[in-house]
Amino acid sequence: MRLSDFTEVFRRMPQLLLLGMALQYTVMPGLGWALSRRVTLDDGYAGLAAPLAVGIAVLSACPGGTASNIVAFLARGEMALSILMTAASTLAAVVATPAITAALAGTLVPVDAKGLFVSTMQVVLLPVLSGCLANQAFPSAVARISRFTPAIATLLVAAIVGSTLAASAGAVRGCGPALLGAVAALHASGFLLGYVISRAFGLSPKICRTMSIENSTLGAVLAALHFPDPLTAAPCAISACTHSVMGSMLAAYWQRSSAGEEGPAAGSAAVAAPKAA
């Protein structure tokens, strides 16, 4: 992306962008708080409750990720909005993710908010700014390199998820149903509330589909770096798999049910001049 992309979104669709970020950083943390409390109150997993709950809190505090853009495309969502929402929520994560994580998980375990802030800057802000500046200064070179970056990013995400699950494999087997159920509930509730709240604002089904689909792998990185128990990162790793399965199923349904909607050009025009936000 170029630096001009960020200024363009504020010019063309500020209401939708702000609504998407508000949903990302209020609905998901609220769901994460409720689910983490449910896990800590479950006596059957008393020894695993705290790290599981912290992992769910970290997961719910993270921004949208690039996998959500793919699901939005398959679901016939508004791609321009999806990409820009991911970019904006990623930049906001530098402050929002450490603050929300500290608020949600600070009562369970000690949370190094400053360390989370520094790591989020290193993982999120520095790569984004470096990429934007490189694209601005060396567009031809970046265009050549960008042909390979999606495959590299996919391999890196797979490595992060795989190593996280491997490190906590024994504990995950011991609490599999509780962990999978909590992560699935977080995503299912996020999909539903994101769509319903967007519809309540009078937005089109295409925009609502886009608003409801968000995910992130950042949580696995932060959990692995700042929490000693390897199980803390497990919900984030499970989330990558769960979101892909649930998102693909929703995308297939929406793709069939939205076959008669406007094409990409019309959808882009609708975003440029939204009826309600």
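Just so it is clear, glycine is given a Cβ too, placed from its N, Cα and C backbone atoms.
As annotated in TrEMBL, transmembrane segment covers the listed stretch 116-138 rather than the other ranges in 116-138, 231-253. Sequence-distant contacts of the transmembrane segment (16-36) (same chain, six or more residues past either end, CB-CB distance under 8 Å): 9-10, 52-54, 56-57, 59-61, 63-64, 81, 84-85, 88-89, 92, 96, 100, 103-105, 108, 182, 185-186, 189-190, 193-194, 197-198, 201, 203, 207, 210-211, 214, 271, 274, 277.
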